[in-house]
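Undergrad: First the structure, then my questions, so here it is.
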């Protein structure tokens, strides 16, 4: 099955300008992945398979690893470089011999002109400050980081943070991407959102694209990045529906209303956001994955089963072994933006999710409509 | 939670022109439901609660019932009229005292100006021929019938069949509507698709709308009706993914690609079809419901688990107790349209579903992309 329709929606990119310019060694792109967790390791594997295959990239992919000492006493970076395996965060998967783990952040980024950021979002500001002024002037960045902070005046996008702190262009890659499924090469898709630089987007697509990982580019950084965060609020709502055992019908309706609010919220904040972005992998597909599985859905289900009597904090500690829940805090941050701007009534699902998760309303409120008849214009 | 965003997408309809004109007895609308199966009975229940509440409708809702003799020896219509319950197709649910079962089709439709069609699609042509010329000149129709025939020259829409055979305007109502879940008043949504007559659409929305059944109208009959049929082809693909145990990631990707092809196919056949229709309940929500549960998904899962070695006909007989599978025949009909028009390559998912279900390809082909790199324009 060939992805023929990609050409009708999100753009697919011409290979002429890029691939046909057989890169001589001096101007080959050098890639560094900043982050080596579960998703960061899978991203390195995808990238490493392409830098070997495509002449426009240096074979070597440098991966910055936050150094840890393993129970064996060995350094994580040493083990990765000996075994080509991230034994702690992606055991059993070969990353490729051309992936080089580097514990020194500044050394890892020095020579790269393609920087791939894939760390927990709370570390991003510190990382940017450490490498500012120490990267190549012609460097381009892409962020795989989900869950930026939504502040009262609006969301603080990670791509914006990177651009401001480092003074470079930044794209994003989001989608229905469960790292462990992509690691074993199960078919999936992703969306690259770019601002203006189409050629850079083209390079990113070629860097990530494999026959089992189909990447499409759209000129809509904010739309793609907001999808990656707002879906977690909808996943909380979907979890409530599961906990209330209301069935697939109600769940599908809540997911649809959530997608509408994701679209409307994004477009109110950034008028440049495109409707079509929500039909891409970062939109409807990631929403489906997150509302079927995912930790936000799971904990919200437990919250509803307990009738809201046990707090999210308590359930998170009990159920997630130290992993953090993003949906609840994002819902609170979105709620602050909505009330700050007087938009609460326009976003009944987003605001109800926060009112339930903060204990103001019972879980059943997720489907309690105040309307007794169709609304007038 | 109020459906505030409806006003931003699918239209919500002003009540002024309709509800504020308190209908005097002579011009109250009279409703007849043609069909009394599972969904037809639930539709009658929804409608009956509104005709009692709203002064613009006659209280009585006539429901044509294909007469059957029950094991007890009683006639089904007699039992429905005595108990207000369709003991055979919706046991345990009160339809409302104002629902009158009528075994005589021509008598049932004679006085009605609002005709609700909800029968298996293979009976529609015969029913239309029987009542042609025997209905009110001012009658309006709405079709809840899913799964029209797709012929080589294009799909034969049920709404078109009704309009042609009866010479009246016909709207459609589709959505994520599992009858048994709506019967117990679980929250869900539906979409009314109308052609030109906005006032008629307004009447249909008010006739079906309840606080747990939110109805939105869009001026796009073909888009709404095609969603109701094409989703079953995508459900077959989703079932293959389930049978191959490829996980939520791959399933979400396949559902997204399916939604894209539903949209592209509908727009190629009917340029008037709107993208926004696919964000409505009839689009993304019905697709989700159908790909999570549903008989098409279920049998396709079994087909893939058996590596395609047992035919769909065989599995259908074994698994569906006489119910029929629509997705496989729709996939074949869509395939005929695609090959007839030279569009096969534009619709890899639709064509692959047929090639798998007809035994030409193994189930795993659903995720075997022929592309080795991004496509050029």
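Quick reminder: no glycine exception, Cβ is built from N, Cα and C everywhere.
Note that TrEMBL annotation is computational and uncurated.
Relevant sequence annotations retrieved from TrEMBL are reproduced here:
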{"type": "ACT_SITE", "residues": "B:231", "note": "active site, proton acceptor"}
{"type": "BINDING", "residues": "B:35, B:36, B:37, B:38, B:39, B:40, B:123, B:179, B:295, B:324, B:326", "note": "NAD(+) binding site"}
{"type": "BINDING", "residues": "B:146, B:295, B:296", "note": "substrate binding site"}
{"type": "DOMAIN", "residues": "B:30-198", "note": "domain 'Glycerol-3-phosphate dehydrogenase NAD-dependent N-terminal'"}
{"type": "DOMAIN", "residues": "B:220-367", "note": "domain 'Glycerol-3-phosphate dehydrogenase NAD-dependent C-terminal'"}
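Set these features in their place in the structure for me.
TA: In sequence order, B:258, B:262, B:286, B:287, B:290, B:291 constitute the residues six or more apart from residue B:231 (active site, proton acceptor) in its chain with CB-CB distances below 8 Å.
Note: residue B:39 (NAD(+) binding site) has non-local neighbours B:118, B:144, B:177, B:179, i.e. same-chain residues 6+ apart with C-beta under 8 A of its own C-beta. In the three-state DSSP scheme, residue B:39 (NAD(+) binding site) falls into the helix class.
Sequence-distant neighbours of residue B:296 (substrate binding site): residues of the same chain at least 6 apart with a C-beta under 8 Å from its C-beta are B:232, B:235, B:236, B:239, B:290, B:325, B:326, B:327, B:328.
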Undergrad: What is the Cβ neighbour count of residue B:35 (NAD(+) binding site) at a 10 Å cut-off, with all protein chains included?
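TA: Looking across every protein chain shown, the total is 25.
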Undergrad: State the three-class DSSP label for residue B:326 (NAD(+) binding site), counting H, G and I as helix, E and B as strand, and everything else as coil.
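TA: The residue in question, residue B:326 (NAD(+) binding site), is coil (DSSP, three-state).
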Undergrad: Among B:35, B:36, B:37, B:38, B:39, B:40, B:123, B:179, B:295, B:324, B:326, listed as contacts of NAD(+), what is the widest Cα spread in Å, to the nearest whole number?
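TA: So the maximum pairwise Cα distance among the NAD(+) binders is 21 Å.
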Undergrad: Within a 10 Å radius of its Cβ, which of these binding-site residues (B:37, B:123, B:146, B:295, B:326) has the fewest neighbouring Cβ atoms?
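TA: Per-residue Cβ counts within 10 Å for the binding-site residues B:37, B:123, B:146, B:295, B:326 bottom out at B:123.
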Undergrad: Suppose the substrate site is B:146, B:295, B:296. Which further residues of the same chain have a Cβ inside 8 angstroms of that site's Cβ centroid?
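TA: Other same-chain residues with Cβ inside the cutoff are B:147, B:232, B:235, B:290, B:294, B:325, B:326, B:327.
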